[in-house]
There are 2 protein chains.
Amino acid sequence: MPKVTEEHRVARRAQIVAAARSCVIEQGFHKATMADVIAASGLSAGAVYGYFKSKEEIVAAIAEEALSNVDDLFETVLVTDGPLHPVTALEHVMNHIVTLAERPGGDVTRVGVQAWSEALRNPAVMEIAGGKYRMLRSRFAEVARRAQADGTIDAGVDPEHVAQVLFGFVPGFILQRLIIGDVTPESYTAGLRALLK
Amino acid sequence: MPKVTEEHRVARRAQIVAAARSCVIEQGFHKATMADVIAASGLSAGAVYGYFKSKEEIVAAIAEEALSNVDDLFETVLVTDGPLHPVTALEHVMNHIVTLAERPGGDVTRVGVQAWSEALRNPAVMEIAGGKYRMLRSRFAEVARRAQADGTIDAGVDPEHVAQVLFGFVPGFILQRLIIGDVTPESYTAGLRALLK
């Protein structure tokens with residue numbers, strides 16, 4: 001297949017996923033229909049069905065995208081030289097989340113929250129969420145190992161357990177930002193600095 | 001109204017909410033219908049509609065119940081004498097959550113996750129979730145103030161910011177337990193002890 005065609009396919013697929021994401025942000029996974037997605041994408045029904053056979057396949061693609069958004073960040077965070085404090089790593093994650101949330105096209109963290117709920121009753125989304133979150137948590141395990149090597153935290157503790165807690169900060173940040181609304185990376189970092197070693 | 005009738009009403013209402021909760025655990029907020037709730041409750045349609053005019057009203061009642069479950073716990077945790085370490089308070093919360101989750105009738109934390117998602121598109125649930133979570137977070141602010149008085153954490157930090165982080169641990173614990181499945185109060189407490197002052 002010539003390269004331009006593959007690029008075209010990738011771009012078209014992204015266009016459909018973006019349209020579907022905005023439908024989901026407005027209406028939720030359950031109320032958004034294929035017809036809504038087709039209308040929002042500006043493509044023909046035939047074109048959309050050429051990429052996604054059903055709403056379930058689009059839901060899986062949106063969930064995968066929403067849950068992948070934080071993972072790339074660690075490429076940047078973990079390559080830094082010198083000691084990496086867990087609070088610094090979390091501060092990067094929170095700033096990144098707010099940047100993503102404020103991008104034009106709607107707050108992607110709202111899709112993330114819906115993906116959590118969807119995972120509990122849709123095995124395909126559960127598999128995607130489980131895989132993505134295991135991968136993301138393994139990045140936090142790297143942060144934990146770095147902090148143990150730097151002497152910030154006790155080297156005798158299982159880094160996977162530390163990673164559970166570091167990873168576990170993120171949903172609480174997202175949720176409070178959406179539901180209570182007064183949480184910022186600055187306020188959360190102040191709280192983290194008071195609590196963490 | 002005679003007292004026995006009021007008690008009867010409260011019990012009947014609880015019976016309907018319990019039936020609706022089990023429907024929601026099995027099918028989700030969106031797929032469960034009033035007919036399912038009526039069948040699961042063992043009451044007549046007329047009896048159920050005497051308590052809840054619509055599925056929306058039942059959804060609000062279930063969400064309220066699911067989000068209230070942790071609040072009672074603080075009555076017990078906060079009355080203890082002597083220093084109260086934030087890790088100890090969180091350990092109580094996690095053990096309480098697991099006890100609730102393992103009660104017969106289905107894992108209520110699954111309803112909590114669905115309530116988060118529902119809050120983002122249903123203003124009635126958003127109002128309930130916002131109110132409940134503000135109240136729960138104010139309990140964590142009391143834990144923060146106790147830890148500041150005990151000298152565990154810096155007294156110069158806004159206890160509301162510390163409360164954001166303490167409260168923020170809980171959704172991450174619930175979510176990892178449901179989606180990754182390997183998180184226990186013990187593993188999480190070990191991680192917390194390594195990280196927290």
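Here the Cβ of each residue, glycine as well, is placed from N, Cα and C on the backbone.
The domain 'HTH tetR-type' annotation in TrEMBL covers A:10-70. Per DSSP, the domain 'HTH tetR-type' (A:10-70) is made up of 51 helix, 0 strand, 10 coil.
Feature annotation from TrEMBL assigns DNA-binding region to A:33-52. Counting only same-chain residues 6+ beyond the ends of the DNA-binding region (A:33-52), those with a CB under 8 A from a CB of the stretch are 9, 12-13, 15-16, 19-20, 22-23, 27, 58, 61.
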